[in-house]
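Chemist: Please see the structure below; I have some questions.
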């Protein structure tokens, strides 16, 4: 438990320390802001195991040292999450008139940030830091790929107890400790006034440019390009080359090392995506209309591995057809994907004017009519954004799938991980080709998010002019 907490806290603190000045720099950009934001967020929305796959060949023998492997793990978390902190910082910038008024009164740039901006940004940064800590405490795939068995966290110990020793009592006890750790993070976040906040808002432009933020931002961008670029480099140079590796995705690797082809596994994952996305979006919309606070984020802190283990244990008490069905995995995934969708939908749902809903009710719109004719058109873009992120989360989910899928129902991440774990250039090339396609999909999702936000902003400006 100590190692898990140490990794989570240090990862969150380092991400905040690096991400905050980078966010100040990001807020000062004009023309390149969308492009820079997209690059910063790519590693954040990629599956953790995929980042580990990208880093493992780049770090090489350094991972043989236990202390260096822990440092590499924390560094990987920072690369994944510092960009997210930067985007939240830029999105929560205070109104310019406050900073300008303070500057006229003689306040320095440091005092403006420390006494005006930062206190107002603490709730957003607290929620973002909590998410980073929770993600870092539950990055089972990343620990597996970088730790190579030498890093012992709660998740790895749970997996060993349940899958190797078949000791469910010990596994359940460790799962309880992991839940206690999650509650501890939430208590800490509450003390800083953390509240759910928009993940992709548009903040004010910074009035004071940050030179330190610029240097750190360029360094972070270089690190992201280095890590993500390594995936494409391996896909291009390993085995028969990019095209050959893509063609091989219809096969099962050298000597059929996997039970099904990558294409078949992708089909299974897409099937799960549809079910998990529908359930998560409906639940998130319903929760957005309720008076719920930071507690709605609790499922994010419970490891998917733990939830998968719980579902496996409970499967003995449900009808056999359901217990053995592929539907179990998307149902479980919706538990920890709903909070992600909630983060996107809740701010937009609260922004819907009660006057509009009351007027529609007076005109006879009730229930499904009120939702379909009035509320849905106003929430369509946030729902699309949430759906895209939830779909990506389901597609790359690793922990729960390792417990709940087998045989012909295995998902894309499991097949990719198995290919990476087996010798042979063909296997590595196939895994990297699939990873490259995943990166392209992640960039497309981010572009959809920011395009939708820009369209919404233009629509609001048009309404105000009329």
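Note that the numbers count up from 1, one per residue, in the order the chain is shown.
Note that Cβ sites are derived from N, Cα and C of the backbone, with glycine treated the same way.
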Chemist: Among 100-121, 122-143, where does TrEMBL put the label transmembrane segment?
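Modeler: Spelled out, TrEMBL records transmembrane segment over residues 122-143, not the other listed ranges.
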Chemist: Please identify the range among 152-170, 171-189 that TrEMBL labels transmembrane segment.
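Modeler: It is 171-189 that TrEMBL describes as transmembrane segment.
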Chemist: Quick test of your reading of TrEMBL: among 323-342, 343-362, where does it put transmembrane segment?
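Modeler: That would be 323-342, per the transmembrane segment entry in TrEMBL.
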Chemist: Under 8 Å between C-beta atoms and at least six residues away from its ends: which parts of the chain pack against the transmembrane segment (122-143)?
Modeler: 4-5, 7-9, 11-12, 15-16, 20, 47-52, 73, 76-77, 80-81, 84-85, 88-89, 91-92, 151, 153-156, 159, 178, 181-182, 185-186, 188-189, 192-197, 294, 297, 300-305, 398-399, 413, 417
Chemist: With pairs fewer than 6 apart in sequence excluded, do the transmembrane segment (215-232) and the transmembrane segment (383-408) have three or more C-beta pairs that lie under 8 Å?
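Modeler: By the criterion, they do not touch.
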Chemist: Which residues of the same chain, at least 6 past either end of the transmembrane segment (323-342), have a Cβ under 8 Å from a Cβ in it?
Modeler: 196, 268, 271-277, 279-281, 283-284, 287-288, 296-300, 302, 304, 307-308, 311, 315-316, 386-387, 389-390, 393-394, 397, 400-401, 404-405, 409, 411
Chemist: So what's near the transmembrane segment (269-287) in sequence-distant terms, Cβ-Cβ under 8 Å and 6+ beyond its ends?
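Modeler: Non-local partners: 296, 326-327, 329-331, 333-334, 337-342, 344-346, 349, 379, 383, 386-387, 390-391, 394-395, 411-413.
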Chemist: Is the transmembrane segment (215-232) packed against any residues at least 6 beyond its ends, judged by a Cβ distance under 8 Å, and which are they?
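Modeler: For the transmembrane segment (215-232), the list is 18, 21-22, 25-26, 36, 39-40, 42-43, 46, 50-51, 53-55, 57-58, 79, 82-83, 86, 432, 435-436, 439.
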Chemist: Same chain only, please: residues at least 6 beyond the ends of the transmembrane segment (68-91) with a C-beta under 8 Å from a C-beta of the stretch. Say none if there are none.
Modeler: 3, 7, 10-12, 14-16, 18-20, 22-27, 33, 37, 39-44, 46, 48, 51-52, 55, 59, 62, 121, 124-125, 128-129, 131-132, 135-136, 139, 142-143, 146-148, 150-151, 197-203, 206, 217, 220, 223-224, 227
Chemist: Who are the long-range neighbours of the transmembrane segment (6-23) in its own chain, taking Cβ under 8 Å and residues 6 or more past its ends?
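Modeler: Counting only partners 6 or more residues beyond its ends, the transmembrane segment (6-23) has Cβ contacts under 8 Å with 40, 70, 73-74, 77-78, 81-90, 125, 128-130, 132-134, 136-137, 153, 181, 185, 210, 212-213, 216-217, 220.
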Chemist: Counting only residues 6+ away from its ends, which parts of the chain sit with a Cβ under 8 Å from the transmembrane segment (35-56)?
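Modeler: Sequence-remote neighbours of the transmembrane segment (35-56) are 22, 26, 29, 63, 72, 76, 79-84, 86-87, 90, 135, 139-146, 217, 220-221, 224-225, 227-228, 230-231, 389, 392-393, 396-398, 413, 416-417, 420, 431-432, 435, 438-439, 442-443, 445-447, 450.
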